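Okay, so here's the structure we're looking at.
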Amino acid sequence: LWIRFPSCWTWARCQDNGVSDPEREKRWAELFDQLDLNKDGRIDANELRTGLSAWGVVRSEVDEIVRVSDTNHDGQLDIKEFTQYLRTHEKELRLMFHSLDRNNDGHIDVAEIQLSLHSLGVNVSTEQASRILQSIDRDGTMTIDWSEWRDHFLFNPLHNMEDIAHYWKHSLMLDIGEQLTVPDEFSEKERRSGVVWRQLVAGAMAGAVSRTGTAPLDRLKVFLQVHGVSLLGGLRGMVQEGGLRSLWRGNGINVLKIAPESAIKFMAYEQIKWLIRGSKEGASLRVQERFIAGSLAGATAQTIIYPMEVLKTRLTLRKTGQYSGMADCAKQILRKEGVRAFYKGYVPNTLGIIPYAGIDLAVYETLKNAWLQRYCMGSADPGVLVLLGCGTVSSTCGQLASYPLALIRTRMQAQGENANEMITSHLLLPFFLKHIVSHEGVPGLYRGIAPNFLKVIPAVSISYVVYEHMKKALGVGS
């Protein structure tokens, strides 16, 4: 998003190359005066955020700017601290601009963006580089001059080209429960520095807190899928049977499986991506190739951690005192039903990954690109809220397509616990579908989907807040 600075800044832009220090200081003082909303000679984080938002700067790390620039640690910036930040940051931006401007003509073009990112181990197509350029280019020349570059990044505390590349490239990796997250691609430097694993830890922690916060809705969904009761009836029955604490049954193992599932999915995705590329070293994956790699990675992760899924379902449906814990549940399943019981429902679960991943990815890309073309004039970055909105809609569409398979999976997993209510596991998937439709109708394939939808918005919100705080704590930039 470009910055709509006040008229004093726009006027100074045209003369920037020949601007003297006194003139620059005057320009910065005018900016400070406009940001100092209460005119007390200091700018706090709220004033800076409000002022920048009024100018159209909606993705600035305001807290980081104040933290780095506040030399006397009073939580505010005076004129000296403010101008020192601008002076230092303009120098950093000038160095980055010259590193991108490889032919030293005073302008950055598409080819120079591609070359610079490639040198960092980040490969982008001509179309992607053009979108990056258009998000900064304000005069329609398809090049970026120094003033456009400076205006775009002045209030974004990015200190080197690696930070710029990260800013351009990465989207959020959020866990909202059952969404199949296709991991992003990382540069070699990011892998060596440990950014990849810190980002995965941040995502796992966000997923753990999110799932814990929405666990009652998740248990209610499973309860409705298996027992076919009403929404209020299911909630009332769970509370009456085991009290409020019973609403969190099965959440422990649900949280435990997040970290290994994310790690396995990421490692499998990297290996499958390498196999798909073959001899095309450095080439970017196309959408359909990302879909194939993401689906196979998801299937690999599910295959390995699937016994934990079965345990989660059994623990979620258990009555008070039925099992003494996770280990006791696993021991009883193994003794009474054998090893094969840990893979009940595996086939519909794996089949469900394909339509979910395909529809989720296709709808997400379509919505994001439509928004960019209509509202962001070719910008490479639609903003956090738009990305979350696209992710929520695409996840919902994916769930609608794959939910019947998820319901069958849950009923198969529950077999042995409720044998008198379940269809015997030797029946094939088509017969299972036919049985549900003939006894419960088509709506029976979507039992429990209401609490599933209800948890999406709180899950996304909790994930986002925790994820951002974890990234800061682990030193992973936005």
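The count begins at 1 with the first shown residue.
Each residue, glycine too, has its Cβ placed from N, Cα and C.
Pulled from TrEMBL, these are the features on record:
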| type | residues | note |
| --- | --- | --- |
| DOMAIN | 23-58 | domain 'EF-hand' |
| DOMAIN | 88-123 | domain 'EF-hand' |
| DOMAIN | 124-159 | domain 'EF-hand' |
| REPEAT | 194-275 | repeat 'Solcar' |
| REPEAT | 285-370 | repeat 'Solcar' |
| REPEAT | 382-473 | repeat 'Solcar' |
When secondary structure is assigned with DSSP, how many helix, strand and coil residues does the repeat 'Solcar' (285-370) contain? 73 helix, 0 strand, 13 coil
What mean pLDDT score does the repeat 'Solcar' (382-473) have in the model? 75
Counting each residue once, how many in the repeat 'Solcar' (194-275) are helix, strand and coil under DSSP? 73 helix, 0 strand, 9 coil
DSSP says what for the domain 'EF-hand' (124-159): how many helix, strand, coil residues? 17 helix, 2 strand, 17 coil
